[in-house]
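Participant: Found this in TrEMBL, in case it helps:
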- H104: active site, electrophile (ACT_SITE)
- E176: active site, proton acceptor (ACT_SITE)
- N12, W13, K14, G182, S222, G243, G244: substrate binding site (BINDING)
Amino acid sequence: MAVRRIPLVAGNWKMNFNHLEATYFVQKFAWLLRDARIDYRRCEVALMPSFTSIRSVQVLVEADDLPISYGAQSVSVTSQGAFTGDVSADMLAALGCSYVIVGHSERRKYHPEDDANIVDQVRAVLAAGMSPILCVGESYEERKQGIELDFAVGQVRDVTRDLSIEEASRLLVAYEPVWAIGTGMVATPQSAQDAAKAIRDDIRATFGGQTADNLRILYGGSVTSKNADQLIRQPDVDGFLVGGASLHAEELADIVAIVAKSDVSA
């Protein structure tokens with residue numbers, strides 16, 4: 001019998017929107033979701049603002065009792081101390097964050113964050129009671145070499161090899177091929193499915209069937225309302241980590257509506 005996993009649509013705002021713009025967006029987005037009569041038993045919705053906007057999102061979500069989760073785009077590996085500019089997992093948890101993005105390709109490239117740092121971030125997020133969304137995915141060069149599945153699975157394995165079953169059960173994975181992020185290029189539905197299945201199969205081999213069957217695997221990389229329907233129909237794709245399209249309330253609401261109405265969320 002197929003396992004029912006509630007899909008997640010998470011909007012990654014990256015470095016966009018000040019706190020006032022974030023407030024306006026959430027209000028508008030919530031109205032659009034209400035008008036669309038979204039069934040939240042069929043699709044979870046989350047927003048990932050910048051650090052400076054998390055509190056504004058929290059206040060609005062709690063005051064209006066909005067059915068929207070939220071989280072952060074990165075986290076420090078340390079809990080407190082003389083680490084100028086860092087934000088700890090406990091600080092994010094105190095703001096009511098449910099999720100933290102870990103290992104996004106832009107963080108790996110520009111900061112840079114290596115595998116050891118990403119493992120420590122995952123552990124910090126888990127210790128604070130939140131769920132990490134681990135981003136993995138190959139470059140165009142790795143895809144040309146035909147090693148894209150091995151590469152993505154290897155990135156997941158580097159993080160999960162020392163996790164307990166309980167810790168692994170709280171992990172989400174976002175397959176985001178680097179060549180598709182912000183480029184307008186998108187993986188074919190079959191490519192997304194192949195990667196998601198390979199990741200799930202590896203989790204199954206390591207942690208067993210229940211953990212693998214419950215693992216939510218998102219796709220990210222130029223997701224729009226035009227390609228969301230075919231992508232979400234893939235049996236191992238459990239939602240989306242949306243970048244550029246998440247900056248437009250109408251577009252993000254359309255993606256949520258598509259996922260909520262899809263057969264796989266039934």
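FYI, residue positions are counted from 1 along the chain as it appears here.
Backbone N, Cα and C define each Cβ position, glycine as well.
Keep in mind that TrEMBL annotations are predicted by a computer and have not been checked by a curator.
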Participant: When you tally the Cβ atoms that lie within 10 Å of each candidate's Cβ, which of the binding-site residues (G182, G243, G244) has the highest tally?
Facilitator: G243
Participant: Cα of W13 (substrate binding site) to Cα of H104 (active site, electrophile): how many Å, rounded?
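Facilitator: So the Cα of H104 (active site, electrophile) lies 13 Å away from that of W13 (substrate binding site).
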Participant: Round to a whole number and give the Cα-to-Cα distance in Å for the pair K14 (substrate binding site) and E176 (active site, proton acceptor).
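Facilitator: That separation, Cα to Cα, works out to 15 Å.
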Participant: Provide, as an integer number of angstrom, the distance between the C-alpha atoms of E176 (active site, proton acceptor) and G182 (substrate binding site).
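Facilitator: Checking the Cα atoms of E176 (active site, proton acceptor) and G182 (substrate binding site) gives a distance of 11 Å.
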Participant: Whole-number answer please: how many Å between the C-alpha atoms of N12 (substrate binding site) and H104 (active site, electrophile)?
Facilitator: 10
Participant: Looking only at C-alpha atoms, tell me how far G243 (substrate binding site) is from H104 (active site, electrophile), rounded to the nearest Å.
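Facilitator: Checking the Cα atoms of G243 (substrate binding site) and H104 (active site, electrophile) gives a distance of 11 Å.
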